[in-house]
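Q: If you scroll down you'll find the structure; I have some questions about it.
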Amino acid sequence: MASLKICCMGAGYVGGPTMAVIAANCPEIRVTVVDLNAAQIAAWNSSNLPIYEPGLQAVVESCRGKNLFFSTDIEKEIEEADIVFISVNTPTKTQGIGAGRAANIKNCELCARTIAKVSTSNKIVVEKSTVPVRTADAVRRVLACNDKGLTFQVLSNPEFLAEGTAIDDLQKPSRVLIGGEETPGGQEAIQKLVSVYANWVPAAQIITTNLWSSELSKLVANAFLAQRVSSINSISALCESTGADVSEISRAIGSDPRIGPKFLQSSVGFGGSCFQKDILNLVYLCESYGLSECAEYWHQVIKMNEYQKSRFTKKMVERMFNTATGKKIAVLGFAFKKDTGDTRETASAFVCRDLLAERAKIHVYDPQVKREQMMLEFDYTLNVNTTTEPDLEKLITTSSSAYDACDGAHAIAVLTEWDEFKTLDYQRIYEKMSKPAFIFDGRNIVDQAALRKIGFEVYAIGKPWPHM
């Protein structure tokens, strides 16, 4: 394997970390990540990486310039590679057939066309992006149209990493899934990729399947995880009405080994780039094959998530005497989860949007999210910008610390479970807030009893809410 060369098309949340870990564990393999975005590549080549992920900086620096490279010379690196990974964005379509549900695989097709155009030798092409079932067939057909007599084997190798724990997930994966054609050439390609992962992943955790099972497994995995979140969130609403405690229920049912404790933490709602997109993709696939009941079943997971986000904001306004107009609201956390700077589909953006509709003055603090990224998320996901909301810049302030955000606030909304929010000096915060001082805990991370003792009115997801 001394001469093996890998090229990854796409330097984002999946391509960058995945290739860094491969390079770190396979010093004899030359790994290059390519992207059209020169600024993105420059950041990967700097001490200020374009994404935040615990442990990522150390892994990149351990092999960058040795056998890990980041480049904009896409055609050269593809031509020289033996294995080409496609790790590009596949967003939900915003218009046309399947708009709002189907995944747009335009970027995957463009990658395939580029590979076919510049290649001068046979290659293994690996789908790393999350794609609809049968996308590999489309990629294969595009590659087969090359006029040089080249042979390409297409594999599916979906990622199962979670942002915030991506490096651990890549270094110690629960499984590596590789799908390929059930032909001699397809099986040989599978074994070639297996041999790469075998440098650090035990053989028992490398699963090989046919192409279609591999592609569908990724969608189903995310659908099942999101389903658990929506299920416990539906129970959280019932808990608030009956006096039950959702944390106690999660512990009780999670103790059953048939259920297990993971993804049973109730919250303001799930976010991130994968869950909603992949479920909507699954819904569209079901509809496309005439499985309307299956489609509606999975669509309900999304509907419950939307309900949870809107329900949280509605409760906030109700408790603040049915008005948030002109009130300062401190929003602690904008990333969709802790230990990442990713804001895609973050529940915090939806809560902020609803508070903006109430004409609240929002002060946001997040340790990893810059204002520019925040405003892009409002625009891209929610179409909230200075055109649709002329007072946007006045109504949303980004604060340099949690204390600045909370100074003079009428209420605090904890929307990302950053560890630092558990240990803030809430006595100091309380003294500088307007009274009555409200805390709305969308992640169930604060010590509610201690805060009530200080004087806060505390409301949390799935906990008995005091009567007004």
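Glycine residues also receive a Cβ, built from the backbone N, Cα and C atoms like all the rest.
Keep in mind that what you see is a predicted model, and the values were worked out from it rather than measured.
For reference, TrEMBL lists these features for the protein:
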- C274: active site, nucleophile (ACT_SITE)
- 10-15, D35, 88-92, 129-130, E163, 274-277, R344: NAD(+) binding site (BINDING)
- 330-448: domain 'UDP-glucose/GDP-mannose dehydrogenase C-terminal' (DOMAIN)
Q: Tally of helix, strand and coil residues over the domain 'UDP-glucose/GDP-mannose dehydrogenase C-terminal' (330-448) according to DSSP?
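A: Result for the domain 'UDP-glucose/GDP-mannose dehydrogenase C-terminal' (330-448), in helix, strand, coil order: 43 helix, 19 strand, 57 coil.
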Q: When a 10 Å sphere is centred on the Cβ of G10 (NAD(+) binding site), how many other Cβ atoms does it contain?
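A: A count of 26.
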Q: State the Cα to Cα distance, in Å, between G10 (NAD(+) binding site) and C274 (active site, nucleophile), rounded to an integer.
A: 17
Q: Do you know which of the binding-site residues T90, S129 has the most other C-beta atoms within 10 angstroms of its C-beta?
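A: Of the binding-site residues T90, S129, the most buried by Cβ count within 10 Å is S129.
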Q: Would you say which of the recorded positions C274, K277 has the most Cβ atoms within 10 Å of its own Cβ?
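A: Counting every other Cβ within 10 Å of each candidate, the maximum falls on C274.
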Q: Using Cβ atoms only, which residues of the same chain lie under 8 Å from Y13 (NAD(+) binding site) while being at least 6 residues apart in sequence?
A: I51, E163, A166, S273, D342
Q: Distance between C274 (active site, nucleophile) and S129 (NAD(+) binding site) at the Cα atoms, whole Å?
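A: With distance taken Cα to Cα, S129 (NAD(+) binding site) is 11 Å from C274 (active site, nucleophile).
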Q: Could you please provide the mean pLDDT value for the domain 'UDP-glucose/GDP-mannose dehydrogenase C-terminal' (330-448)?
A: 96
Q: When you measure from the Cβ of D35 (NAD(+) binding site), how many other Cβ atoms are you left with inside 10 Å?
A: 23
